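In TrEMBL this protein carries:
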TRANSMEM  9-27  transmembrane segment
TRANSMEM  39-59  transmembrane segment
TRANSMEM  71-89  transmembrane segment
TRANSMEM  101-122  transmembrane segment
TRANSMEM  165-183  transmembrane segment
TRANSMEM  203-223  transmembrane segment
TRANSMEM  235-256  transmembrane segment
TRANSMEM  321-339  transmembrane segment
TRANSMEM  346-375  transmembrane segment
Amino acid sequence: MSNNKKMGLTARIVVGMAAGILVGFLFKAILSGQDERELVFFGLSIPLKALFVDGVFHVGGEIFIASLKMLVVPLVFVSLVCGTCSLSDTSSLGRLGGKTIGLYLITTAVAISLAMTAALLIGPGKGVDMQSAARFDVSEAPSLAQVFINIFPSNPIASMAQGNMLQIIVFAVLFGLAMALSGKPGERLAAVFTDLSDVIMKLVTILMNLAPYGVFFLMAKLFTTLGFETIASLAKYFGVVLTVLIFHGLVSYSVILKLLTGLNPLIFLRKMRDAALFGFSTSSSNATMPVTMETVTKKLGVKNSVASFTVPLGATINMDGTAIMQGVATIFIAQVFLVDLTMGDYLMVILTATLASIGTAGVPGVGLIMLAMVLQQVGLPVEGIALIIGVDRLLDMTRTAVNVTGDAMVSCIVGKSEQQFDQAVFDDANAGVKDESVDFHHLR
Ligand code: ASP
């Protein structure tokens, strides 16, 4: 038996992550701010930063992220076309869409309300010095009207080339619908799309097996460069965001899942470990999407007809973790700048942050840019973002794990309510696990 088989994928990812963090700290200590430091080895001087941090770690991590992202567009398009054309009737599509979007918006509103309540109770911005702000260049957040117009593609090939997820979703749904209505030609095409979808999922599995190495490189680079000095001065802000993120990810989701579906939340959370770890280490819901899809369909038992719609949509519009950061950040900035927010302002924050999450792309750091839109709505200085930017990386990682978990939870609720759910798969602790290891022997 190989080592791989002895140790599960989750354990291997955790080992990769821990080793990466350790190596990162080690390099940070050795370099101690001197980027030019060299290691002399048998008379050979090795530039540590250039060779390892900006070399091996950087290249390894980037290749890992790129190969995950490589799958997103084909996966979303192909599986969504399959999902739409397999729906029994077209009216179920409207119901499915309504339920999914409704649940995404509601869970996000719950998340941000929790965040604001916690921030108001604890007061993370009281007594913080404004001078500690780093530089932050405000980039224009898109207007709400533009966010809606942008959903519709004028050129689907361009949408795919740009990876514009909402546009790809709209095109794939329409294409799948047309296939369902086309009789024989549609059926023939559906068979091809189903095969394509299986092959792409296999590729996801192969890449997941490389994750421990990818995660190692990402963590090693990040922890060499990450500064922890700012965390101390922003400890309260950091702590409130982190606590609410963990609470929402573990408690709120468990309660909502149990109440709406009766499913066992512990099984759900256990099966979500890999996807959450991917979200944490990549800071990108988009890059994690192939893994979320695999988890939701193969481990949690949601049928592809629902998951192919809910997962990509969630990775694009559902950002509970991001909304939590935005809720706490808004209160924090108001407290630092001594601005009193009214009840109307709070409601406005809930509304805009919920809508802003639709426009927040699932890539690292976008949540901060969309925060500008929320701040502007209630007349707070956008420059306040500069205060929190220093601690955002670690929070981004954690909130992405929450975002991804939220997508999977709503997928389970919708799948269950549409009877597109396989309870046996959900209950089977080993479901999907055997697919995780890829046997290359027959290629030889
Ligand atoms: N990194 C987050 C995600 O991909 C978005 C954000 O909050 O910046 O889900």
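Every residue, even glycine, has its Cβ placed from backbone N, Cα and C.
Whatever TrEMBL says is automated annotation, not expert-curated.
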Do we see three or more Cβ pairs under 8 Å linking the transmembrane segment (9-27) and the transmembrane segment (71-89), pairs being at least 6 apart in sequence?
no
Between 203-223, 235-256, 346-375, who has the most Cβ pairs under 8 Å to the transmembrane segment (101-122)?
235-256
Which range out of 39-59, 71-89, 235-256 gives the transmembrane segment (165-183) the most CB pairs under 8 Å?
71-89
Within-chain partners of the transmembrane segment (71-89) [C-beta distance under 8 Å, separation at least 6 from its ends]:
96, 160, 163, 165, 168-169, 171-173, 175-177, 179-180, 186, 190, 193-194, 196-197, 200-201, 203-204, 207, 286-287, 289-290, 293, 304-309, 312
The transmembrane segment (203-223): which same-chain residues, six or more beyond its ends, come within Cβ distance under 8 Å?
4, 9, 12-13, 15-17, 19-21, 23-25, 27-28, 52-53, 56-61, 63-65, 67-68, 71, 75, 274, 277-278, 281-282, 290-291, 293-294, 393, 435-438
Long-range neighbours of the transmembrane segment (235-256), counting only residues six or more past its ends (CB under 8 A):
107, 110-111, 114-115, 118-119, 122-125, 128, 265-266, 268-269, 276, 320-321, 324-325, 328-329, 332, 388, 391, 394-395, 398-399, 401-402, 405-406, 409, 413
